Every structure is written in structure tokens, then in C-alpha cells.
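J.: Before we start, here is the structure in question, set down as C-alpha cells.
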């Protein structure tokens, strides 16, 4: 929300970049929240995600369920770190008129409270809800599967971030990126055909009337 308000309610992350230098406080809160979402050990998300996955492994729900659970965990880490790299470490692409800063104190205090919950909330709730630790007996490989899927997702997210800018001149790779980056062309199939004609008509009228200034 702080990023979006600073960019004038603009939500396209492709036009954001290097915000770690302009909004360091927001970037710290954003990074900790993302790490908690991915299930990094000893943050809030770890206590629920790791327990759910290990209990699922003990119940032997089937190979398809096993694959879906860990594939979803890896995808969460992948898109989260791809977003993280785009916003924090990509080059600056915003307009010069946009003033990006951390000067909103009300929003900073709200983010501070959420950051504290994302760091310590999981352990507190675990100790309050479950007075005794859950007994989980698994082989070493299955115990490490959660961390392996998270780190694999982080690597793929970084690869996609680098992959976009190194190989985007190749049209096939660009088409693949466009397909997955636009949710399988859903924005074009759902609303573009409705707004395309009015927008093109307005552009044509603007060009016609703009000739009067010449």
C-alpha cells in the first residue's frame, strides 16, 4: 500500500525499481513480510506452513496431493521473490515527477505493527494454542522438503527476474513471458475487447483535433 500510494495509485511493478534506496523503511517491512509469507524458519509463516506440510506427509495422502502441496509452496516463494527483486533491485523506471519517500508517519506505524506480528506472531500463537509440541516422525528427506521447495522457488524467482531482461529480445521468449506474465492472456480476453474500441476512437479523435495546433 505504501508503494502504491507513493506511485500515485499506480500498481504496475514493471515500472517500479530501486525502492530500497528511496523507501528503506518500507522495504524492510516488505522484505520481512515476504520472508514470513514464504515460510522462512522462525518467522510467522514458518510455524503454520511447516507444520501443515509435515502433518500432510505423515498422513500419506497420495503422490498427487504431495506434489500439489510442495509445488504450491515453491510457487509462493517464486512469485514472492520475483516481486521482491523487481521492486527492490531493478533499475529506476518511474517518472521524474513522482515523489517516492517514507514520510507518511501513520502508514509507517501501521507497517511497524504488521512487521512485529509477521516476525513474532507465529511463535506466540504456536505457544498459546498448542501447549505441547506435535510429535512428527519423518525421514530426513521429507523433513527437509519444505526448505528445499522454498529455496528452489527462490532460485527460480531470481532466474525469472534475470531471464526477463537478458533474453527479452528473442521474440519466442518474449511471447512466453507475456503469456505467463499476463495470467494466460486473461486481461486481453476478459476486458480488452470492451475497452479497445473506445480507447482507439479517443486516440483517433485526439490526433485529428491535435492537427489544429500545427
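From the backbone N, Cα and C atoms, a Cβ is placed for every residue, glycine too.
Automated prediction, rather than curation, is the source of TrEMBL annotations.
Copied straight from TrEMBL:
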DOMAIN    2-75  domain 'NADH:quinone oxidoreductase/Mrp antiporter transmembrane'
DOMAIN    79-214  domain 'NADH dehydrogenase subunit 5 C-terminal'
TRANSMEM  20-43  transmembrane segment
TRANSMEM  63-85  transmembrane segment
TRANSMEM  106-130  transmembrane segment
TRANSMEM  136-160  transmembrane segment
TRANSMEM  172-197  transmembrane segment
J.: Which one, 63-85, 106-130, 136-160, has the most C-beta pairs under 8 Å toward the transmembrane segment (20-43)?
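T.: The stretch with the most contacts is 106-130.
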J.: Can you name the far-off residues of the same chain, 6+ from the ends of the transmembrane segment (106-130), with a Cβ under 8 Å from a Cβ of it?
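T.: Same-chain contacts beyond the ends: 1-2, 5, 25-26, 28-29, 32-33, 36, 42-48.
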J.: For a three-state summary based on DSSP, what are the helix, strand and coil counts in the domain 'NADH:quinone oxidoreductase/Mrp antiporter transmembrane' (2-75)?
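T.: Counts, helix then strand then coil: 56 helix, 0 strand, 18 coil.
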J.: Can you tell me which parts of the same chain pack against the transmembrane segment (136-160), counting only residues 6+ beyond its ends and a CB-CB cutoff under 8 A?
T.: 38-41, 49-50, 53-55, 57-58, 70-71, 73-82, 84-85
J.: Mean pLDDT for the domain 'NADH dehydrogenase subunit 5 C-terminal' (79-214), rounded to an integer?
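T.: Within the domain 'NADH dehydrogenase subunit 5 C-terminal' (79-214), the model's average pLDDT equals 74.
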